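Have a look at the structure below before the remarks.
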Amino acid sequence: MTHTAALSSDDLNRASLDSHQPVGLITDTDGVAAQPRDRGSKIVQNRPLYWVAALAIIVLGQFAVSRLAWVEQYPSNWILPLKDWIDSFFEWLVYGVRFFDGTSFEFTPRDLTRGVSGLLARPLGLSESLFFDGFSKRFPALPWITVVGLAALLGHWLGGWRSALLGAAAFTYLALFGVWQASMQTFSLVLVTVPMVFLIGLVAGVLMSKNRHFKNAVTPLFDILQSMPPFAYLVPIVVLYGVGNVPAMIATALFAVPPVARCISLGLESVRHGVLEAGQMMGCTRWQLLWRVQLPAARSVLLVGLNQGIMQTLAMIVLAALIGASGLGSELLTSLQSLRLGEALEQGIAIVVIAVVLDRFSRAYALKQPVYVDPDLGWWRRHPYVVLALVFLVVSILLARVLPDLALLTDEHSITTAPYWNAGIDWINVNLYESVQAFRNFTLLEMLIPTRNFFRAIPWITFVALVTLLGYRLGGWSVALVAGLLILFPAATGLWLEAMTTLYMIGTAAVVCVSVGFIVGLGASRTARWSRFAAGICDFLQTFPSFIYLIPVVMLFKVSDLSAIIAVLLFAVVPMIRYTILGLRGVPTPIMEAATQQGATRLQRLMKVELPIALPEIMLGVNQVIFMALFMVAITALIGTQDLGAEINAARSGNEIGKALVAGLCIAFLGITADRLIGAWVKRKRIELGSA
């Protein structure tokens, strides 16, 4: 998801180039605990005092519950009718506004949005004609053998034979396993959406780097968009833009633009001052300085932003199917709804294959250095890959006309592993049923249900006060005020119990994710080989569609909170592993050698040197776990949870815009609160370590 608290440009480069993990919500923590001695953010280091204050809040809260009804339950007459206000606004916007009223030329905002949909449909239609349904009977879509060969040529140009084999093998898989047409629909959507996302992100990133007021204005909006489940804004998009591939593109853009824009802004701001001065000394105008100096100097980070756009776009493939997007997402959703797990796994792997190819190719392009070519050579010698591509294009199309299986494999000639997957699930259900159900019942009855009841029993005023105190402890009044107001929002909108249920789900999943991810990351960080192996596993888990985790856990553990928590664990454990490896592998070698020379054992070096230095990065992993878990909230609600995600799903079914957006904002504010608190803590740690 998004922008990571207090992440420097060096951290961003290492984290993003080493993986395609979307760089999570980076909040701008300027002024948050940056000046510990400043009056507005003074941080008192007297820890016992804070423990006494926290204990006093808990005792007073419990004492007041039995005497004041409004302490235990937020009064209904205090609840803001925000849902109704939003519904009324959209009803007025769609049906009540008229431009040029009384003239021959009259239109509504809905007419305008549908016009935008029509414009975006043109490039999408061209892309689909090229790869999927063809221009006409005489000019069909590109044969699969053509796409395989062109992918291999592009891979060789970008990264040599290894990338060429990856591209050829990936697209061959799509053809052989009978998912070619759905894959090409998805590929067409990605090819149109990613340039749009990158262009919007580039403009926004440039403006953010040049105009502080613009950055301050869009940062809260980006925070909300990145931490709000995409389900929440699917409803208004359907109302304004309809259903289909174009509304799916717009929803994807809302999801993918913020991290791209922030990445580009950070890259431009990280250009060394000396480079800018050199450009100014050469007489560059502001426009020339941007295009001829800053953008080329920040090229690697800009391409990381492109990589983020690709990964975020693919992450929305299945969710976009809920509003009519065709392709692999729609096929996968249909397979899941009919419990055809084997087919769903093959379709999910197809999405992973496309994601891995685009990720590797975009990273290879980011690392590719310009090659000098003698301008006196002939055109065909200066552009050998273009010549080879044109020749292969013509030859492969002609061959596909003669041999139809080279254009599109029939079902008789395709491969499927679905029966084997289904047989495996059946075997587990038959042979491990009693053990699995015993584990499920014990976990639910003895652990999860008591924890849920505890969270739901916490008085709202006690919880808000404790979060505010924690914010003051970590970052002073600025963080305390923001955290307190954001955590109050669910109570003020009548969704307190749902928010606490969400907090219980996310908190439980986060504890397990952090524990498992830290142990795996710690083990993998010991050698470069294990680090690369863990990165590969993380790549696979992260690009696998989030929906796919629901079916096996439901089949094993039935519909329950345990199923939802395990699905969240499988999806959200990845960033903890990545950031643990990043932090521990990033400890400077001289410091490690100094500790060894002082006689420290391996355990002492780990506990006294490596972990304290890597702790800020590890906490950023915790931050990412929370945001990815929140991303899964609306998805796990499909299997029967009773939290904010269930509110969003109910709103989506009834096209209730206000209900969906308010529940989405509650989830977003939970994430932003965690981000602010962790960001302030990381900032303090960096100051203590002298790396701020």
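Please read every residue number as a count from 1 along the shown chain.
Using N, Cα and C of the backbone, Cβ positions are placed for all residues, glycine too.
The feature transmembrane segment is assigned by TrEMBL to 49-70 (among others).
Residues or ranges marked as transmembrane segment in TrEMBL: 165-183 (among others).
The domain 'ABC transmembrane type-1' annotation in TrEMBL covers 183-362 (among others).
The list of residues near the transmembrane segment (221-243) in space but at least 6 beyond its ends in sequence, with Cβ under 8 angstroms from a Cβ of it, reads 1-3, 24-25, 27, 90, 94, 109-110, 113-114, 116-117, 250-251, 254-255, 257-259, 261-262, 316, 319, 322-324, 627, 630-631, 633-635, 645, 648-649, 651-652, 655-657, 660-661, 663-665, 667-669, 671-672, 675. If you look up TrEMBL, you'll see 221-243 (among others) marked as transmembrane segment.
As annotated by TrEMBL, transmembrane segment applies to 301-324 (among others).
According to TrEMBL, the transmembrane segment annotation covers 344-362 (among others). A Cβ distance under 8 Å defines the sequence-distant neighbours of the transmembrane segment (344-362), meaning residues of its chain 6+ beyond its ends; these are 20, 151, 154-155, 158-159, 163, 166-167, 170-171, 173-174, 177, 179, 182-183, 186-187, 190, 303, 306-307, 310-311, 314, 317-318, 328-329, 331-332, 335-336, 416-418, 421, 539-540, 543-545, 548, 551.
Distant neighbours of the transmembrane segment (383-403): 142-143, 145-146, 149-150, 153-154, 156-157; these residues of the same chain sit at least 6 beyond its ends, with a Cβ under 8 Å from one of its Cβ atoms. Under the heading transmembrane segment, TrEMBL lists 383-403 (among others).
What TrEMBL records for 454-472 (among others) is transmembrane segment.
The transmembrane segment annotation in TrEMBL covers 479-497 (among others). Using a Cβ-Cβ cut-off under 8 Å and counting only residues 6 or more beyond its ends in the same chain, the transmembrane segment (479-497) has close neighbours at 32-33, 41, 73-74, 76, 78-80, 82-83, 456, 460, 463-465, 467-472, 644, 647, 662-663, 665-666, 669-670, 672-673, 676-677, 680.
Annotation comment: TrEMBL describes 499-678 (among others) as domain 'ABC transmembrane type-1'.
A Cβ distance under 8 Å defines the sequence-distant neighbours of the transmembrane segment (503-524), meaning residues of its chain 6+ beyond its ends; these are 448, 451-452, 454-456, 530-531, 533-534, 561, 564-565, 568-569, 572-581, 584, 618, 621-622, 625-626, 629-630, 633, 636, 641, 643, 670. Taken from TrEMBL, the feature transmembrane segment applies to 503-524 (among others).
Here TrEMBL flags 563-582 (among others) as transmembrane segment.
Annotated transmembrane segment per TrEMBL: 618-640 (among others), in sequence order.
Here TrEMBL flags 660-678 (among others) as transmembrane segment.
If you look at the transmembrane segment (454-472), the same-chain residues 6 or more away from its ends with a CB under 8 A from one of its CBs are 50, 53-54, 57-58, 60-62, 64-65, 71-74, 479-484, 487-488, 491, 496-497, 500-501, 503-504, 507, 673, 676-677, 680.
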